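Colleague: Heads up, here are the entries from TrEMBL:
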- 1-21: signal peptide (SIGNAL)
- E117: active site, proton donor (ACT_SITE)
- D258: active site (ACT_SITE)
- E351: active site, proton donor (ACT_SITE)
- E372: active site (ACT_SITE)
- T475: Ca(2+) binding site (BINDING)
- 519-555: region 'Disordered' (REGION)
- 538-548: compositional bias 'Basic and acidic residues' (COMPBIAS)
Amino acid sequence: MPFRLLIPLGLLCALLPLHHGAPGPDGSAPDPAHYRERVKAMFYHAYDSYLENAFPFDELRPLTCDGHDTWGSFSLTLIDALDTLLILGNVSEFQRVVEVLQDSVDFDIDVNASVFETNIRVVGGLLSAHLLSKKAGVEVEAGWPCSGPLLRMAEEAARKLLPAFQTPTGMPYGTVNLLHGVNPGETPVTCTAGIGTFIVEFATLSSLTGDPVFEDVARVALMRLWESRSDIGLVGNHIDVLTGKWVAQDAGIGAGVDSYFEYLVKGAILLQDKKLMAMFLEYNKAIRNYTRFDDWYLWVQMYKGTVSMPVFQSLEAYWPGLQSLIGDIDNAMRTFLNYYTVWKQFGGLPEFYNIPQGYTVEKREGYPLRPELIESAMYLYRATGDPTLLELGRDAVESIEKISKVECGFATIKDLRDHKLDNRMESFFLAETVKYLYLLFDPTNFIHNNGSTFDAVITPYGECILGAGGYIFNTEAHPIDPAALHCCQRLKEEQWEVEDLMREFYSLKWSRSKFQKKTVSSGPWEPPARPGTLFSPENHDQARERKPAKQKVPLLSCPSQPFTSKLALLGQVFLDSS
């Protein structure tokens, strides 16, 4: 018997006027200029509170007005907020923070860091700031954007993550020690998003530095996930990166999976890669066939397609924005309006929402000021101009200020039912939530450039066009200028010339061992041979897709770090401390 979704009557009624762009409480549409200033004030209240009370720690604890390290001791909020400063027009503070980061951030530390979070927040934040530096008035060095201190920092951080990809499958571990590599006791279970969320940052890094290793490992990980999908075209939630066996078999678009789908689309756009887009479109068919019910998306068993969790997760609210990127506006708006009714019910999106019951799920009633619904509103407003989307922005500003604002910043809402607060302000509040709100209300921001203006930059590798628009946001809302990926092509050619000279100088045997190392070998990372030479594969694209040979890889040594997570709630993974 097919599953039928029972939607509460209140939600159905709430949907009807929203399709017609219902006005605000006073009968008028929100004033973008007014809310733009309100959002800017929100940013500085949070940002100044972090600088005064928490720096150099990763994040602010707003209820106790102090700081704590969360993701690796990188002064993470400062990195995450850097490109937001420029989007808000604060050039002088951007310049100051660039100098502070160069002086204070060190990646040679004995810290166990999330590979996923370090990539999207640190590598992504530094790459974005690097590419925006000239626009911010930073005096860039000769060779920019193919060189620069922030680019070198991003590369250093990314190299610290590479040992995580040294597995028989090419899919990365979830955690790596920045000083010692992968812990011998590290769990091999990684979430799908933690495997498939690298192509945007790593392909950008390879294009700018000329080192293909970053893009190569990201592509291998994407391909292994694609090859691991079920017969009905779905992927699960968590997989063993050593064996390729699925550990959590719930399939959906939310937590643990979300940014994998996002990066197939954004990677396709950034790299003009038809294969990545074709992969997403195949997934999209399966998602529609098995997880979509009345414009909601549920969790199903990945092999059978049977419903396992009839819940909406707040992280799923990115989906309408992703749909807009592929031109599926009608479906995107219908799903967005469903999610908006939940916001209107609580003044925020609870982490879990039981759709048939129309209420929160026990122990998942919180709202940590996530950006996803606002992100979708920004994308859809750019596509449609529907004033309903501005109303969501208005509601978000009013709710966050009323419920979450405290003396030292903005606090996570622990429970949307009674508005109790938690002592944390995640760095994504300044990187994403505030940024997307501001861009929703600022249609003339340089980020929205339609290509009518641009900058011509002379590099050692020729003339380069930057700033023409089409920015691709990584999943932490750090904008990447796609034009920059074409600025440094001659750097690669120069690299191949140097390697040719080295081949001539050294013996053939040495050259073979040096330049034919595989992406997932246990040895040091080396660039592959130049396509077309004696040492290159017959077909470079086929080589990227070829499954790495299974081999026993010696694990690196570092202090023991016990796995503190558990599998619960029908396969969904949560931390014990959550």
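Keep in mind that glycine also has a Cβ here, set from the backbone N, Cα and C atoms.
Predicted automatically and left uncurated, TrEMBL annotations should be read as such.
Given the structure is predicted, the values throughout are model-derived calculations rather than measurements.
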Colleague: Between the Cα atoms of E351 (active site, proton donor) and E372 (active site), find the distance and write it as a whole number of Å.
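Modeller: Between the alpha carbons of E351 (active site, proton donor) and E372 (active site) there are 12 Å.
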Colleague: Tally every other Cβ atom lying within 10 Å of the Cβ atom of D258 (active site).
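Modeller: Around the Cβ of D258 (active site), 25 other Cβ atoms lie within 10 Å.
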Colleague: For E117 (active site, proton donor), which residues of its chain lie six or more apart in sequence with Cβ-Cβ distance below 8 Å?
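Modeller: Counting only residues 6 or more apart in sequence, the Cβ neighbours of E117 (active site, proton donor) under 8 Å are W71, G72.
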Colleague: Would you mind reading off the Cα separation of T475 (Ca(2+) binding site) from D258 (active site), to the nearest angstrom?
Modeller: 10
Colleague: Validating a neighbour-count step here. Other CB atoms within 10 A of the CB of E372 (active site): how many?
Modeller: 24
Colleague: At a 10 Å cut-off from the C-beta of E351 (active site, proton donor), count the other C-beta atoms across all protein chains.
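Modeller: The answer is 23 other Cβ atoms.
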Colleague: Return only the integer: C-alpha distance in Å from E372 (active site) to D258 (active site).
Modeller: 11
